[in-house]
Amino acid sequence: MPSTALTRTLLRRTSATTLSLLSRTMSAAAADEAISPATTRVGWIGTGVMGRSMCSHLIHAGYSLTIFTRTQSKAQPLIDLGAHFAPSPAALAAQSDVVFSIVGYPSDVRSVHLHPSTGTLSTLRPGASLVDMTTSDPSLAADIASAASLKGCSAIDAPVSGGDRGAKAGTLSIFAGGDEAAVRRLAPLFECLGRVNYMGGPGKGQFAKLANQITIGSTMVGLVEGMVYAHKAGLDVGVYLDAISSGAAGSKSLDLYGSRILGRDFEAGFYVNHFVKDLGICLRECEKMGIALPGLALAQQLYVSLQAHGEGSLGTQALILALERMNNISLAAAAPS
């Protein structure tokens, strides 16, 4: 090989090695820096029913927030609190140390983080962290974690449970998957939102949330079936719900939704459309695992029937409408005046 060519090759290799070492050094230095309002810039993507309340807790805790949402007007209440608006996920990530996202569907998650020109990973600096709180595919969470690692960043899948009330109260249950040390480092931020539970490596947070949704699906079916039965039996459904709330049939679903159902309040704390998405992911994962969960399949079909009636934008407590149609009854008469 001619000496000039050899020199160029050696320079390229030396440069690549130097950059790699620099990236790792920057990553380690950033990871060692404690999370605090004084040192940590936070980016937040998604300001829907859940995200808006969650983001506001971080602002009230004193963190500097930059937000992105496809409809800027939805972010206005947070901007009024002091948040800054970014025109794209990439622009947001360029000025953030930790980026949170809570969006609608896996396709949104992939676009937000992995798009080559507008995604967060196109601009996120070494040592920064991604936290996706969307309920999404476990395999996608693993892909994002792998892509982040190549950039010297960490990525945590951290879907949540607790609904709109949990988001407003800061009492969400957070299922975290990824590097355990990274999860521990992010604890000051998670504590603003609820209680974090470390579930294992990349994707394990998503698996935990999907198991949570399977449990909720069957619990909701049981709740509304019991209400229909009590109504048909001539019981005061409100008294019945109060009676079972402290017994073995008591549940978080009853506490959150019993009175809403009786009051015909179907405003979304969690959309039917999003729950159908979650249960669909569960069913696909079950197929991969080779397991049969008939309660999950039934719940998914009942919620799909709500979509067929144009009720996908209602809350999950609207499941009572499917049971009312099946039995040609209405609990509206049982609602308190």
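Glycine residues also receive a Cβ, built from the backbone N, Cα and C atoms like all the rest.
The annotation domain '6-phosphogluconate dehydrogenase NADP-binding' is assigned in TrEMBL to 41-198. Sequence annotations record features per position, and here TrEMBL assigns domain '3-hydroxyisobutyrate dehydrogenase-like NAD-binding' to 203-321. What TrEMBL records for Lys209 is active site.
This prediction places the mean pLDDT of the domain '3-hydroxyisobutyrate dehydrogenase-like NAD-binding' (203-321) at 97.
The domain '3-hydroxyisobutyrate dehydrogenase-like NAD-binding' (203-321): residue composition by secondary structure is 88 helix, 2 strand, 29 coil, according to DSSP.
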